[in-house]
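Student: Below is a structure I'd like to ask you about.
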Amino acid sequence: MISSVLPTYNRAPLAFVKGAGSWLETADGTRYLDLGAGIAVNCLGHAAPELVETLTEQAQKLWHVSNLYEIPNQQRLADMLVDKTFADTVFFTNSGTEAAELAIKMARKYWYTKGQPDRYEIITFEGAFHGRSSAAIAASGGEKMTKGFGPLLPGFTHVAWQDLDAVKAAVSDKTCAIMLEPVQGEGGIRPAGDAFLKALKQISEETGCLLIFDEVQCGMGRTGKLFAHEWAGVTPDIMMVAKGIGGGFPLGAVLATEDAAQGMTLGTHGSTYGGNPLGCAVGAKVMEIVATPEFLAEVNRKGGLMRQKLEGLVAAHPEVFEDVHGQGLLLGLQCKVAPTEVVAAGYEQNLLTVPAAHNVLRLLPALNIPDEEIAEAIARLDRAAAAIDGKAA
Ligand SMILES: Cc1ncc(COP(=O)(O)O)c(C=O)c1O
């Protein structure tokens, strides 16, 4: 008999009833140290006091009015995002997938508006993950995601990750946009690299095709810059944001330049919940905290500390781990065993980590994780690895 919850998830037999900072607790009071942060969502930890306060205060005033009316919190958050990024305009969604939908629609509408409706091809990359809607699975392209869901939305060309020649070969007079994660998340914490991003920007400038960055996982301070593309010194035309921007409240956004957004005129897109007063109150508080040089410097410092300790683990357990990659607090441990084995061994140490593709174990703690908890997490990971390779921790 089918379970009352549609059985699409492979869940661990753990049920948490409360959380604080980097800790989660089950009903019997057992505590787990969380290096997953809801897959890069709880950027300020669980039940962050500032966010609890903001949410409760807003909840007592107003939850939802619809986009039939002005929403001051939405305006404020849009202004903050425009102020801190390349963007001139913002549309709010409830998730990363919805942001992908709009990014794709916006790019196609751009060329339609410019009188070139045949320019609809979007180049995407092997290992990409842009969400689970029909458009997003067609954009992502992996068999695991698309099998059985055809016919898929046409107009996507998939090329190998970081393969500039393949991108150049794929670009044509039909190319509408190039869409990628500056650091692939689900694909195994694989940074595109500054040189690759710069080269894509050059192609975009030369051919006019739009550059879409999916910063759903790598954005909002995760890599130590507010957005990961800032490391490469290049800007996109359109960017998708979600996860961390709500700190745990469902919130997403599409940011765009005025030029890229020119097709999105009155009535061309909408959302019932997108940009509601609750979500935007929380999003604005997250921005106030995360988008400061002091906070981002701390993410960098903590990321460096964690990386250094992880490198020590790689040296201590060469049969389990191969190397560390990623940036800031978006780190991937390349495993020599199945990463799910390490995740399971982590559970035995009351430690939560997340597997990713290409044999990678993802470590994405709260961006404000205290140094002592980084040390504690590494000690637990060391014991988890020892349980696999038999080498004493
Ligand atoms: C890079 C990226 N894009 C899009 C998505 C989809 O976001 P959501 O699950 O909020 O719809 C994800 C989710 O993991 C993601 O990592």
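The backbone N, Cα and C atoms fix where each Cβ goes, glycine too.
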Student: Of the candidates Phe129, Phe149, Phe321, which one does TrEMBL list alongside Gly96, Thr97, Asp214, Glu215, Val216, Gln217, Thr272 as binding pyridoxal 5'-phosphate?
Tutor: Phe129
Student: Those binding-site residues, Gly96, Phe129, Ser271: which ones have a Cβ sitting under 6 Å from ligand 1?
Tutor: Gly96, Phe129
Student: Out of Arg132, Lys243, Ser271, point to the one nearest Thr97 (pyridoxal 5'-phosphate binding site) in space (Cα versus Cα); all of them are recorded positions in the record.
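Tutor: Closest by Cα distance to Thr97 (pyridoxal 5'-phosphate binding site) among the recorded positions Arg132, Lys243, Ser271: Arg132.
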Student: Ten-angstrom check, please: count other Cβ atoms within 10 Å of the Cβ of Arg132 (N(2)-acetyl-L-ornithine binding site), all chains counted.
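Tutor: Here the count is 15.
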Student: Which is it, of Ser271, Thr272: the one of these binding-site residues whose Cβ has the most other Cβ atoms within 10 Å?
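Tutor: Within the set of binding-site residues, the most crowded position is Ser271.
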Student: Other than its own, how many Cβ atoms are within 10 Å of the Cβ belonging to Glu215 (pyridoxal 5'-phosphate binding site)?
Tutor: 30
